[in-house]
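Just below is one structure, and these are the notes that go with it.
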DNA sequence: TAGATTGTTAATCGATTAACAATC
DNA sequence: TAGATTGTTAATCGATTAACAATC
């Protein structure tokens, strides 16, 4: 499903959500065409980079005119796979897990939250955003019986790799990892790290070194 | 306070927390020396890159020997500014704000959580990890009266830029931004984005395109 | 001493920017 | 048509990797 792209670098992929975000803003403002130059002013990438990026996926623009906002938005939506639906489970229904589930607009991105899992009995029977919390021991059975694409890990360090292994064995194709642990995963399983600790340490570096050096 | 480094690229800065993390593991295992080659095996960067990175900050190694783990750990701790203490406030004490505060080990990184702020009266008087929750209107007064280095933004989209402005006017030097909004900030104010939405869209791209293309 | 491994320079690789012909 | 702006090639810039002399 969808076209196959080659030669798409990580740098480009990480910029795609930004294009999507700003094109949405243009749609909301009823603007129906945009040039790489104008988009550059909004988004902060150079016009040249914008044209290079978009061209990796196909010629969406028109010489002398620019890009049709609606069309481009739709194309990037497809490239990001947002025209499809993915089912998702969250492991760890503690403070962070609940915070993320409540905060992220899963439905709006085509994600279907099926269940949460936790080791604490006090959570059992509770529902978050309509999804039930089950006991952790039922994780593998649940994933095997329901097709699950993505597992989100929001739990304490110690059991993270073990949980990741269970998710992978049961057949998820991606893990969104909020723990500070670097996961081992076989080729073909996608791991996207949201390491909050690393973020905090980077912030510490900048605050500590602000005024002392200029980062290029 | 601390040395001044020049020519430190963003790429290097983002690797520093990884060095710190793996050196901590070595200390916990009572390993007192490490070569760039061994560290490479653990951490996944090339030996050459590790030596280049570390040399930007000074010659911490010894020919024929490698690096002393304790010394290197201490140096990176200083480079990251973890030998200093920063005071911090969190704006938005909802599900995500509470989740982050409960999850992140602020004290252990030298961060001193002073207070949270929210618009909802139901939170007033509550404490999270020992820090009180105040009404949002008191934000500026509080920051002016207490020296605050960092503001963490964990609130709904609409008031984010407004809140950032208040934080900046009151004198914080950095903002850790968990909202999906790109903040305008004057030169000198550090903004570190933890855009969860972008993370989810990137994940969607990979899941959607898995097996179709190879990312370089 | 001989072996190991750093610090550092040079070579390579990849990503960004500039330029411009094609064309709407 | 004239002006604008893309698509795309070429030039530049920066980051990573390789190589090796210095030296512990």
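Cβ atoms are placed via backbone N, Cα and C, with glycine included.
Here is what TrEMBL says about this protein:
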{"type": "DNA_BIND", "residues": "B:18-57", "note": "DNA-binding region"}
{"type": "DOMAIN", "residues": "B:81-182", "note": "domain 'CoA-binding'"}
{"type": "BINDING", "residues": "B:92, B:93, B:94, B:95, B:96, B:97", "note": "NAD(+) binding site"}
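Overlay of TrEMBL feature records on the structure.
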{"residue": "B:92", "record": "NAD(+) binding site", "Cβ neighbours (10 Å)": "26"}
{"residue": "B:93", "record": "NAD(+) binding site", "Cβ neighbours (10 Å)": "27"}
{"residue": "B:94", "record": "NAD(+) binding site", "Cβ neighbours (10 Å)": "18"}
{"residue": "B:95", "record": "NAD(+) binding site", "Cβ neighbours (10 Å)": "18"}
{"residue": "B:96", "record": "NAD(+) binding site", "Cβ neighbours (10 Å)": "25"}
{"residue": "B:97", "record": "NAD(+) binding site", "Cβ neighbours (10 Å)": "25"}
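Counting residues per DSSP class in helix, strand and coil order gives 39 helix, 29 strand, 34 coil for the domain 'CoA-binding' (B:81-182). Among the binding-site residues B:92, B:93, B:95, B:96, the ones whose Cβ sits under 8 Å from a Cβ of chain A are, in sequence order, B:95, B:96.
Across the DNA-binding region (B:18-57), DSSP assigns 30 helix, 2 strand, 8 coil.
Across the DNA-binding region (B:18-57), the model assigns an average pLDDT of 97.
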